[in-house]
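Participant: This structure is in structure tokens; I'll ask about it shortly.
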Amino acid sequence: MEPAPELLFYVNGRKVVEKQVDPETMLLPYLRKKLRLTGTKYGCGGGGCGACTVMISRYNRVTKKIRHYPVNACLTPICSLYGAAVTTVEGIGSTTTRLHPVQERIAKFHGTQCGFCTPGMVMSMYALLRNHPEPTLDQLADALGGNLCRCTGYRPIIEAYKTFCKTSDCCQNKENGFCCLDQGINGLPEVEEENQTRPNLFSEEEYLPLDPTQELIFPPELMTMAEKQPQRTRVFSGERMMWISPVTLKALLEAKSTYPQAPVVMGNTSVGPGVKFKGIFHPVIISPDSIEELNVVSHTHSGLTLGAGLSLAQVKDILADVVQKVPEENAQTYRALLKHLGTLAGSQIRNMASLGGHIISRHLDSDLNPLLAVGNCTLNVLSKEGERQIPLDEQFLSRCPEADLKPQEILASVHIPYSRKWEFVLAFRQAQRKQNALAIVNSGMRVFFGEGDGIIRELAISYGGVGPTIICAKNSCQKLIGRSWNEEMLDTACRLILDEVSLPGSAPGGKVEFKRTLIISFLFKFYLEVSQILKRMAPGLSPHLADKYESALQDLHARYSWSTLKDQDVDARQLSQDPIGHPVMHLSGVKHATGEAIYLDDMPAVDQELFMAFVTSPRAHAKIVSTDLLEALSLPGVVDIVTAEHLQDGNTFYTEKLLAADEVLCVGQLVCAVIAESEVQAKQAAKQVKIVYEDLEPVILSIEEAIEQKSFFEPERKLEYGNVDEAFKVVDQILEGEIHMGGQEHFYMETQSVLVVPKGEDQEMDVYASTQFPKYIQDMVAAVLKLPVNKVMCHVKRVGGAFGGKVFKASIMAAIAAFAANKHGRAVRCILERGEDMLITGGRHPYLGKYKAGFMNDGRIVALDVEHYSNGGCSLDESLLVIEMGLLKMENAYKFPNLRCRGWACRTNLPSNTAFRGFGFPQAGLITECCITEVAAKCGLSPEKVRAINFYKEIDQTPYKQEINAKNLTQCWNECLAKSSYFQRKVAVEKFNAENYWKQRGLAIIPFKYPRGLGSVAYGQAAALVHVYLDGSVLVTHGGIEMGQGVHTKMIQVVSRELKMPMSNVHLRGTSTETVPNTNASGGSVVADLNGLAVKDACQTLLKRLEPIINKNPQGTWKEWAQAAFDKSISLSATGYFRGYDSNIDWDKGEGHPFEYFVYGAACSEVEIDCLTGDHKTIRTDIVMDVGYSINPALDIGQVEGAFIQGMGLYTIEELHYSPQGILYSRGPNQYKIPAICDIPAELNVTFLPPSEKSNTLYSSKGLGESGVFMGCSVFFAIREAVCAARQARGLSAPWKLSSPLTPEKIRMACEDKFTKMIPRDKPGSYVPWNVPV
């Protein structure tokens, strides 16, 4: 085989020809680094987040059709693109040409915040529209199922793209003739108050129409190439790897014969992650290209034969067509496969992964192989020696040599037989998330009865996720042959299968008892569903099923359907150009949607730029015995390796060590940094650094271990109000309890990133970073380099999400990179991979709350004694502040007359946990709400009644003796009760629960009072700089960081109001310590407030200075006023400053005025749970908030919704797993699940109270970004109510030990029944668990 001279494909309509191709190159770095198309983003590198989505188009010479489909560029080898047309976000529209409607609508519907995920969203939707110009809502949800967003909560994205759907209208409540945006209470429109107008969040008449004729045409050259059907195998050779692309079946078999160990790669979704994450290397890869025999679709009298080269998306489409055409009795297996194909991965992976690759990979959690195994499927395999058939059975799945493919064979096709009359095939799965998540357990089950007799003739049951491969319960099934289909058979089957499909207590993946329960819960579902079918076919054969059991037959599907948004009215007397109070689009929204928004790693490489990669500790607590750098230093491209020894006394900054010196304190601690010419060279060399460790004791991982070892960061914090001990003596009842709450990964879409550029003179250094705290980077870099701070400047254009995770961690990276940059006089770039980021950086603090409550029988809590413990990790970071804020906010909406709360930050051997949105309140508030809920249960009262009876009075005092006016708390609560129709729906929920046994619903309403402030005047100061240029344009700079919350947009709104000029006249370049020095970190939802007051101050200074000129020419323009000022030597620049609110707290006295104001609200959520699987769906959520006067309702609603969904994830599905050795397992989207589009409430309603009072804040506004996280616990408590209802129906005590998150595992195991009692349980201490709680 001769090497191919060139690789030819198209990108955005432009021809690309590569003559020297490295087969190890993926499309993503090629687009970004080679073609400089940086709109396609790196999010995870494993196909799990969708940030790198592009569209690929190929011409099929057989069908004469062009296929458009989305793929993950991070997993797409560039060698696989021969003859393809690639379309990126830049190729469909731009601000300099024309916007595509897909780009325009997501921006105008306020569907972008940080914007990092937006290009991927845009391309997924674009690919859908190329195939379905008027998609259905189901197709829309399916298309976006592989795209993650951490900011928006998805609602505005769906609303934007619903406008393309067949059923799309801006509302779905048209019976009364009113738009959903104008719905009032009970569907009646609200009466507008005089002198007020309601601004629309978006305007439908402004949409650009979708015009398919304006799309990029498929390159004719590629059609001609495809029609010619080239016969020559293409071979691309790199330094380490050879890529072979046969174009005929004969050539493929020849290649496989020559290189029998080479994997056959179609979509690279299995081999690719193995190479990237497991270090598996393949010197030769065989990748067939458009071989017709591998794409066959053949119908025979016995069934359907599908080519192994078909993508899973194609298989899904084929099966959907087949089930419409063949009789239902013949389509059982096809329907079951379709069910799993709808949730398997995301659309991008399904379009890349092939049927054959999925089968051959034999992953233990494969969704299709259990079904194919029970369906009596056959594999047709080929080699040069000929063709043969292999049964897809247990032996094949367990890789028995005699039942497997030989090394020189390839899988050509799969035969899937028709099912028969009296034969039933069903599919089951349960995952942490409904879509785009690997199954915890899945199953395929098939039964065949004798003609009309109800006797089992054949039975096949397979499970995935419960062993090293797919497990077939062959022996159990054999013993059940000849049995009647009844409950006695079911009971026997459960016991047989539990014996045969045994899981050791230390099984990988953990959740052992849950998996055991799912094994037989699925079997029971199979029994019920088959019984129901038999009831329809032959009523006499079916065992009797109670009506209340029928709900078990339906899976939970909660597709988002609609929302209502009730923001505030704008005073009609407001100047028309005054944008304050209007839903102004995020000013980077369009740039987000076109890929033109520049993030740090989008910046072009600096001349002679170096790359930095870290070596991290694999031990939780160990002594560094020796470090051998010689082999790593000898590798090509390696320039240097930085260790703690090089940094000397600059290695410690405050409490943080930049690099480990003699001892490591956690897995993931930075030990040294490799500096090399390229990213690949740096990462390869990092693997060759040899470090010898000696383990040390103790290794403390959990809060309980820290308490036992008295391992705390000092000091203890304490607040006390009243006399707790005396109050306990006079109460009616006392209860004690505790709750453990797991941590949370920030999962910002843009990973930690830094670029340090030495300026070449005076030791000046420019640092570009994705950070919330540029001043801290400036200070740390200056300290490490022993320079005055004025030599170091830190610049931030925008940040692709942060949530508190980019306050301190980026500073360590920047300081080490700066040391190397300074030493070598060359720029140094460092971009963490997703797994590195999650391993190194820490997240939200896990919490343990212990409480003792004394209360009266009417629910009034008289005394409360609470202890808070947080898992701080191995260094202090912000752990003390998190404990302090948790204590100051722990009482939430309630006045406890006697309160004592104490808090400790635990020192453990985990990566240091840090700031996270909410800053202690999501944990502290949950502890209090759990206590309230338990009190209600003890009193026999409803939780909402006990909550209301303990509310703050209108004028009251907090435990730290700050005065409070809680009028809006009560108003939010009452409005939420009314708007959610709480009491009516509670009756409906009770009725539903009485009529259903295996499905239960829960309804919960939670209030909140979120204090806003930083507890210090110094932390609240802010500054700004405003320039007016002679053409009348304005440049504004301030100290806040744009990380998705829209602070730059709000600052321009402030300038527009104050200077009475259009927003289009105002520009903001970014944030820099060069223009605004000595800034505080951006966080705590105070960024717009504090910096806005500084901007306002600067504008007022300018206006005062220019007052004589403006008075002299009141009808003039800013251009005229600026020129006149210049002529009179009047400065057109002004700094603005805000000193911070008067806030303080004296911890010794336990009193002070730490907060400027309070944000009030309430959230009501309704859920439905599946008691057999632990699955849940959120049916509806209503949120009412007091936001003061909203500066920008669109941005503020986005903050509320995004925070709520993030909080919902925190309390339900986001789960971190650590090994007993302290190793974090959850290092990417495949292991750690944040909410996806499938998880949001089916109905979401957000209401802002009208502004009710003037305040000292910016235009009487309130910060909202943090408070909304806690509202997610309304879903948590709704799940609790549903579980309690299930337990009561089973005669169990309703209260049960709560912990967060309430995952499917915890929900299922709390719904105790005969199946949970049937499973074997391992004695604690008899095995080493796979994971441990921390």
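Cβ coordinates come from backbone N, Cα and C, glycine included.
Pasting the feature list from Swiss-Prot:
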type	residues	note
DOMAIN	5-92	domain '2Fe-2S ferredoxin-type'
BINDING	C44, C49, C52, C74	[2Fe-2S] cluster 1 binding site
BINDING	Q113, C151, A802, F803, M1043, G1084, S1085, V1086, V1087, Q1199, L1264	Mo-molybdopterin binding site
BINDING	C114, C117, C149, C151	[2Fe-2S] cluster 2 binding site
DOMAIN	236-421	domain 'FAD-binding PCMH-type'
BINDING	V264, V265, M266, G267, N268, T269, S270, V271, A345, S354, H358, D367, L411	FAD binding site
MOD_RES	S1064	phosphoserine
ACT_SITE	E1266	active site, proton acceptor
Participant: Among the binding-site residues listed here (C151, N268, L411), which has the Cα closest to the Cα of the residue listed as 'phosphoserine'?
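Facilitator: Result for the residue listed as 'phosphoserine': the nearest of the binding-site residues is C151.
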Participant: Take the C-alpha atoms of C114 ([2Fe-2S] cluster 2 binding site) and S270 (FAD binding site) and report the distance between them in angstrom, rounded.
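Facilitator: So the alpha carbons of C114 ([2Fe-2S] cluster 2 binding site) and S270 (FAD binding site) sit roughly 31 Å from each other.
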Participant: Counting by DSSP, what is the helix, strand and coil composition of the domain '2Fe-2S ferredoxin-type' (5-92)?
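Facilitator: Tallied per class, the domain '2Fe-2S ferredoxin-type' (5-92) gives 18 helix, 31 strand, 39 coil.
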Participant: Filter the binding-site residues C49, C52, L411 down to those whose C-alpha lies within 10 angstroms of the C-alpha of C117 ([2Fe-2S] cluster 2 binding site); answer none if the list is empty.
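Facilitator: Of C49, C52, L411, within range: C49, C52.
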Participant: Closest of the recorded positions to N268 (FAD binding site), Cα to Cα, picking from C149, C151, S1085, E1266?
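Facilitator: Considering only the listed recorded positions, the nearest one is C149.
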Participant: For the binding-site residues listed here, C114, V264, L1264, which shows the highest count of neighbouring CB atoms within 10 A?
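Facilitator: Its Cβ has the most other Cβ atoms within 10 Å: C114.
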Participant: According to DSSP, does L411 (FAD binding site) sit in a helix, a strand, or coil?
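Facilitator: SS state of L411 (FAD binding site) = strand.
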Participant: For a quick check of packing: other C-beta atoms within 10 Å of the C-beta of S1085 (Mo-molybdopterin binding site), how many?
Facilitator: 24
Participant: Just give me the nearest neighbour of M266 (FAD binding site) among the binding-site residues C52, S1085, L1264, Cα to Cα.
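Facilitator: Among C52, S1085, L1264, C52.
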Participant: Just to verify a number: CA distance, C52 ([2Fe-2S] cluster 1 binding site) to L1264 (Mo-molybdopterin binding site), in angstrom, no decimals.
Facilitator: 30
Participant: Tally every other Cβ atom lying within 10 Å of the Cβ atom of C117 ([2Fe-2S] cluster 2 binding site).
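Facilitator: By my count, 29.
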Participant: What subset of the recorded positions C74, C151, A345, E1266 lies within 10 angstroms of Q113 (Mo-molybdopterin binding site), using C-alpha positions?
Facilitator: C151
Participant: Do you know offhand how many angstrom separate L1264 (Mo-molybdopterin binding site) and H358 (FAD binding site) by C-alpha?
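Facilitator: Spelling it out, the Cα of L1264 (Mo-molybdopterin binding site) and the Cα of H358 (FAD binding site) are 45 Å apart.
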